[in-house]
Amino acid sequence: MSVREKMLEILEGIDIRFKEPLHSYSYTKVGGEADYLVFPRNRFELARLVKFANQENIPWMVLGNASNIIVRDGGIRGFVILCDKLNNVSVDGYTIEAEAGANLIETTRIALRHSLTGFEFACGIPGSVGGAVFMNAGAYGGEIAHILQSCKVLTKDGEIETLSAKDLAFGYRHSAIQESGAVVLSVKFALAPGTHQVIKQEMDRLTHLRELKQPLEYPSCGSVFKRPVGHFAGQLISEAGLKGYRIGGVEVSEKHAGFMINVADGTAKDYEDLIQSVIEKVKEHSGITLEREVRILGESK
């Protein structure tokens, strides 16, 4: 029995797509094919999938919402798992529990509907709840570490564990999940009671700021670089005269130099080449070495 036949038999009922182009699922609109793109409907299907992959020595990874990711043009080998069907969100008192595939922005709106404060900072951050925990996403002085109560994960060995914020060892755009290989299943956020109108005003203010400053009208991978201590990446790039600097179909945004936008059918290679060139030119200009925030995955073509 071939691996494909075994896969279809053992993983019967799970949505598996073979040789699926990933550019359709990426915010950058670039990326080659996944060998197997999988859409589990619940944690049990996810556990079955991970168990099968481990038994058959097939590599696997969770892509999240692909909002702060560049998938290389050669694609990704093995299983690529999209958890957007694991998207239930519930409210219990001042606590919100969200599955990993829940949309982060929509989760902040649920907090608003229940007059819960603490989540406003994330009201414009694209991506999934699981990806936000993985990266310790943050903006405007807030971050996931400030509100996370606990997190349920599937370990790389297929076991389910509950982790505290301390266990996750949060840092700037970092969590312990990045090293552990675990998959976020669900998250509990501890919020506080607030006033609906006040929360809405703050979310509207932050949304307006984001729309004003960020090139949301183009495909992009969000913030490309981490914030250097004592500086802003976008400012350093701008001071190096790189606004509008372009390689292939990808350019440094004129609106916000911390963003690289896909303006003309750019490729992942265009993104990588532009990122490397910007790092070198900023280093020459200011002596500061920028560090990537965006993750680059897969194989070159």
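Backbone N, Cα and C atoms are what each Cβ position is placed from, and that goes for glycine too.
As written in Swiss-Prot, here are the features:
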type     : residues : note
DOMAIN   : 30-194   : domain 'FAD-binding PCMH-type'
ACT_SITE : R173     : active site
ACT_SITE : S223     : active site, proton donor
ACT_SITE : E293     : active site
Give the distance between the Cα atoms of R173 (active site) and E293 (active site), rounded to the nearest whole Å. 7
Cβ atoms near R173 (active site) (within 10 Å, other residues, all chains): 19
S223 (active site, proton donor) and E293 (active site), compared by Cα position, are separated in whole Å by 7
Around E293 (active site), which residues of its chain at least 6 apart sit with Cβ under 8 Å of its Cβ? N68, M135, R173, G222, S223, V224, F225, K226
Around the Cβ of S223 (active site, proton donor), the count of other Cβ atoms that are within 10 Å: 22
